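Asks: Following this message is one structure expressed as structure tokens.
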Amino acid sequence: MAYYGISSNLVLYLTRKLHQGTVKSANNVTNWVGTIWITPILGAYVADAHLGRYWTFVIASVIYISGMSLLTLSVSVPGLKPPPCHQANVDDCKKASTLQLAVFFGALYTLAVGTGGTKPNISTIGADQFDDFHHREKAQKLSFFNWWMFSIFFGTLFANTVLVYIQDNVGWTLGYGLPTLGLVISVLIFLAGTPFYRHRVPAGSPFTRMARVIVAAMRKWKVPLPGDPKELYELDLEEYARKGKFRIDSTPTLRFLNKAAVKTGSTDPWMLCSVTQVEETKQMLRMIPVMAATFVPSTMIAQIHTLFIKQGTTLDRQLGSSFKIPPASLAGFVTISMLISVVLYDRFFVPIMKKWTKNPRGITLLQRMGIGLVLHIIIMITASLIERHRLSVARENGLVENGGQLPLTIFILLPQFVLMGTADAFLEVAKIEFFYDQAPESMKSLGTSYSTTSLGIGNFLSSFLLSTVSDITKKHGHQGWILNNLNKSHLDYYYAFFAILNFLNFIFFLVVIKFYVYKAEVSDSLHVLTEELKVMRLKASNQEESGA
């Protein structure tokens, strides 16, 4: 609620209160949102290597609350924002001073540092409460991520409806003060549950473990691999069993990295790594192409809080005689559509598909992501056609030059918002679950941060594409596709370009999944581990008996 309470309407605050143009305000939003989603890599690193998930979350929450409080202050004190301006063109208004921008953006980026520690760790703390060795709990965990997203989007729905209405019609002080208060209450609720949580001990930096494997393999690039993987270096099964960890057998994929486990006489950790360590590194590297295939859809998600909302400001928002719909509240339909889709998916789609595929999830996580990618192509084709219609109405009514409001209801934008929610139910939920599920046990936080990183890079990509397309289309005396006056712009061309980009990305995704190898199920490897330990103990007792 706190995060979406700010990001949903931020583009309008930057335009109306800080007097920034279309491209600048949209890019400031996507750059900030990009930072919000990139910082979880640092949060995951600190949690896995140093403080553990619980303490990283608690300290980050304090930073988050500080940022929210400063932000509320910056929109409340008159001296911290430029004087009001009602010009049609924001270029004619007085710009914000350096101090005003420093306080406002300082608060935004403090908040971003806070979310870096909360986002990757809170979902992982939740998932940690389920025991993979317990059959019933393992089954419940499959459903946990669906209900986790359901809860998140419930907060989002409140932000996109109630909070944006307060910001548009009552004031920004209350509009930002409420989510700050909500955040404080939620952290207190979390702290109240402390005695009941299962806490995982930090397992050391995943980056260091991965770096050791890559360095060791490169240092031994001339060393031949043995024919039998059993000759590679590995710790005793007893060692793993004692620590409650899993041993992973050598796999033929990314064979070059297996050289890190070739014995050469040195025991230096930067020269010799265990097979399990090599396989953990492979698992993290194998997921990178899948993550790359989610950058483009993440760029589409960035449009919800930027260009989609700017489109809404040009349309008729009147509902009844006195109620005006805030443009940002249409993002609430993304949430409603997502909530409905997740419930239908969990309650109906999964049981039906389970009978056919015998897969406990109904379909594989990558298949679920693929459906989401196809929906993103459909969304951008739909958005382009709707924008074409909006521009034709602007021409018919002579509203192109003055950028006036069109006699066209804001609800014509609904299809692109509703479809975006349905796509999220497939792609975003599957993405979080996939990166958590496929990450090695000791690197779960880093795995979870892959999904947030893809959103971050998607937002930075959105800023890059918007600036580049805006500049290129203005060359040689052309008018340009993206202007401050949307009635003169050509967002329909821009959305069509996005549809093509999504199609090319989908082909890339199909190539990636063709070569992707799922990691072994924990329950399977546990079964194998138990059997191997039995065999080892049997051999040991036989040797003792024969010795006796």
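Just so it is clear, glycine is given a Cβ too, placed from its N, Cα and C backbone atoms.
Where the annotation comes from TrEMBL, it is an automatic prediction and has not been curated.
Copied straight from TrEMBL:
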- 29-47: transmembrane segment (TRANSMEM)
- 54-77: transmembrane segment (TRANSMEM)
- 97-114: transmembrane segment (TRANSMEM)
- 144-166: transmembrane segment (TRANSMEM)
- 172-192: transmembrane segment (TRANSMEM)
- 287-308: transmembrane segment (TRANSMEM)
- 328-345: transmembrane segment (TRANSMEM)
- 365-386: transmembrane segment (TRANSMEM)
- 406-427: transmembrane segment (TRANSMEM)
- 448-466: transmembrane segment (TRANSMEM)
- 493-517: transmembrane segment (TRANSMEM)
Asks: The transmembrane segment (287-308) vs the transmembrane segment (448-466): three or more C-beta pairs under 8 Å (separation of 6 or more)?
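Replies: The answer is yes, given that the two segments have at least 3 Cβ pairs within the 8 Å cut-off.
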Asks: Please give the sequence-distant neighbours of the transmembrane segment (328-345): residues at least 6 beyond its ends with Cβ less than 8 Å from one of its Cβ atoms.
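Replies: Tertiary neighbours of the transmembrane segment (328-345) are 4, 8-9, 12, 146, 149-150, 153-154, 156-157, 160-161, 164-165, 167-168, 304-305, 308-309, 312, 410, 413-414, 417-422, 424-426, 429.
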Asks: Any chance the transmembrane segment (406-427) and the transmembrane segment (365-386) are in contact, meaning at least three CB pairs closer than 8 A with a sequence separation of 6+?
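Replies: Yes; at least 3 Cβ pairs under 8 Å.
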Asks: Counting Cβ pairs under 8 Å that are 6 or more apart in sequence, does the total for the transmembrane segment (29-47) and the transmembrane segment (97-114) reach three or more?
Replies: yes
Asks: Against which stretches of its own chain does the transmembrane segment (172-192) lie, if we need a Cβ under 8 Å and a gap of at least six residues from its ends?
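Replies: Same-chain residues near the transmembrane segment (172-192) but 6 or more away: 1-2, 5-6, 9, 13, 17, 57-58, 61, 64-65, 68-69, 71-72, 75-76, 122, 159, 163-164, 166.
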Asks: Going along the chain, which residues at least six beyond the ends of the transmembrane segment (97-114) come within the CB cut-off of under 8 Å?
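Replies: For the transmembrane segment (97-114), the nonlocal Cβ contacts are 6, 18, 32, 35-36, 39, 60-68, 70-71, 73-75, 80-82.
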Asks: Using a Cβ cut-off of under 8 Å, list the residues of the same chain at least 6 residues beyond the transmembrane segment (144-166) that approach it.
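Replies: For the transmembrane segment (144-166), the nonlocal Cβ contacts are 1-5, 8-9, 123, 126-127, 130, 174-175, 178-179, 326, 328-332, 334-336, 338-339, 342-343, 345-346, 428-429, 432-433, 436.
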Asks: How about long-range neighbours of the transmembrane segment (448-466): same chain, 6 or more residues beyond its ends, C-beta under 8 Å?
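Replies: Those are 23, 26-27, 30-31, 33-41, 43-44, 119-120, 123-124, 287, 291, 294-303, 306, 428, 431-432, 434-436, 439, 482, in sequence order.
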